[in-house]
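Comments concern the structure below.
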């Protein structure tokens, strides 16, 4: 007991140290901004913050806006949003030196002088990538991840790291070290996750361009919940060197993780992709295919043939979600595009066999190992109990649970693979599923797809109870398709009234809880997903731009 007490005391000391560092970061930001304002009282920060990224970048590159003015304007705004939402975990103080040196740069990259924010899990040299784990405190990265290296070479200035949920396996944003991050639009709502700190900061205007990762919707949930845009590229179109702690799951097997940008508008995402898809990216990581940004595809005005669906018949959409798709469909048709119904099948099978069961193929043993020695086991107590259970009990529970949809989210821990042959069979099934999906796409001669996006933002604590509701996003990680999120409407009083009749497809505890999570959301943004085939990010962005304009 004494040894256990000493160990826990040591862990709490590390937590307190990390929190003090977070507090020092905010003080450093405040000091830097105050000093700059005293030296440059005439700088109009409000006008700088109102500029969209393409215009801001142009002014920085032609010299009409000094990098210091832009940098400190965003540091000041980021500080305000951090105080309101608790989204920043660390200030990268070396960014001040980078700003001073920016004037000496001869070759100006596309993102010259642009301050950017970085998700906690993406390595920045000299700074922790904690993933919400205490064991990762005081383990600074030895070098920048590939995407951060390319950003620096393009002239961008990473200036803060942002909060994540413990282990990243959540679409909320809370961990024991830095606490809960709040939605800047409504503090009682979640900002989404796992790139929730980025969503809150960009959504609140404290960053003009942010970077997160996505393994089941981790870019798309924060974008949709906070009313901004995001792009999840094909898994290998962009790369970031994962920290060792990132290997929480067998993410390379059933679903594909991706790194991508978040911004207020689609044109900003396109500018970011232009900058990143360069020789530096291809040289630093030879596994990235050398495919530069295709301007011709992005700039095309040819009418599109667009597939669409209003539901996946697994998670019943909220009235606002359904209306968002219907209204967008109608506007696209009025603009001259062709809309074709697309029917999804076997989403429940895909969710539990490919994603949940595949990610926890060893019965959750590897996942459990990452939490060893931690003070908190996130909000997944039942998962941990199941992962620790003996094999015979898992087999028995799996047999008992099969008829009950209520226990489906836990099936990954129950129906683990006992032979290598079973794992190979899973690979084959995923390939077959992807082949059939693309075959249906080709048969309808589609260019892109319009889909619902879970929304509006759920109340804090609800995402942890509703892991099953990731079906709309997880599908495109399993398929490894590029997909973006664009806000298109807000929840109306009529939506709220219609929500009173929401029952769900299974009429179980999950559906009743989801209905509660949706309530009281009038005025909050609702988004749609825009999907393209693998390696067609430019077409995806072109479609997103069309939806945004309409």
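Each residue, glycine too, has its Cβ placed from N, Cα and C.
Quick look at what TrEMBL annotates:
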type	residues	note
ACT_SITE	119	active site, charge relay system
ACT_SITE	194	active site, charge relay system
ACT_SITE	218	active site, acyl-ester intermediate
BINDING	168, 194, 215, 216, 217, 218	substrate binding site
DOMAIN	73-541	domain 'Amidase'
**Request:** Find the longest CA to CA distance in the recorded substrate-binding set 168, 194, 215, 216, 217, 218; express it in Å as a whole number.
**Result:** 11
**Asked** What residue among the binding-site residues 216, 217 has the most other CB atoms lying within 10 A of its CB?
**Response** 217
**Request:** Could you state the whole-number distance in Å separating the C-alpha atoms of residue 119 (active site, charge relay system) and the residue listed as 'active site, acyl-ester intermediate'?
**Result:** 11
**Message:** List the residues in the vicinity of the substrate site, defined as same-chain residues other than 168, 194, 215, 216, 217, 218 with C-beta within 8 angstroms of the site's C-beta centre.
**Reply:** 169, 170, 171, 193, 195, 213, 214, 219, 221, 257
**Item:** Neighbour tally for residue 215 (substrate binding site), based on other Cβ positions within 10 Å of its Cβ
**Value:** 24
**Request:** Over the domain 'Amidase' (73-541), work out the mean pLDDT and round it to an integer.
**Result:** 90
**Message:** In whole Å, how far does the CA atom of residue 218 (active site, acyl-ester intermediate) lie from that of residue 194 (active site, charge relay system)?
**Reply:** 5
**Prompt:** Counting every protein chain present, what is the number of Cβ atoms, excluding its own, within 10 Å of the Cβ of the residue listed as 'active site, acyl-ester intermediate'?
**Reply:** 34
**Number of other Cβ atoms within 10 Å of the Cβ of residue 119 (active site, charge relay system) across all protein chains** = 29
**Request:** Taking the Cβ of residue 194 (active site, charge relay system) as the centre, count every other Cβ atom within 10 Å, in any protein chain shown.
**Result:** 33
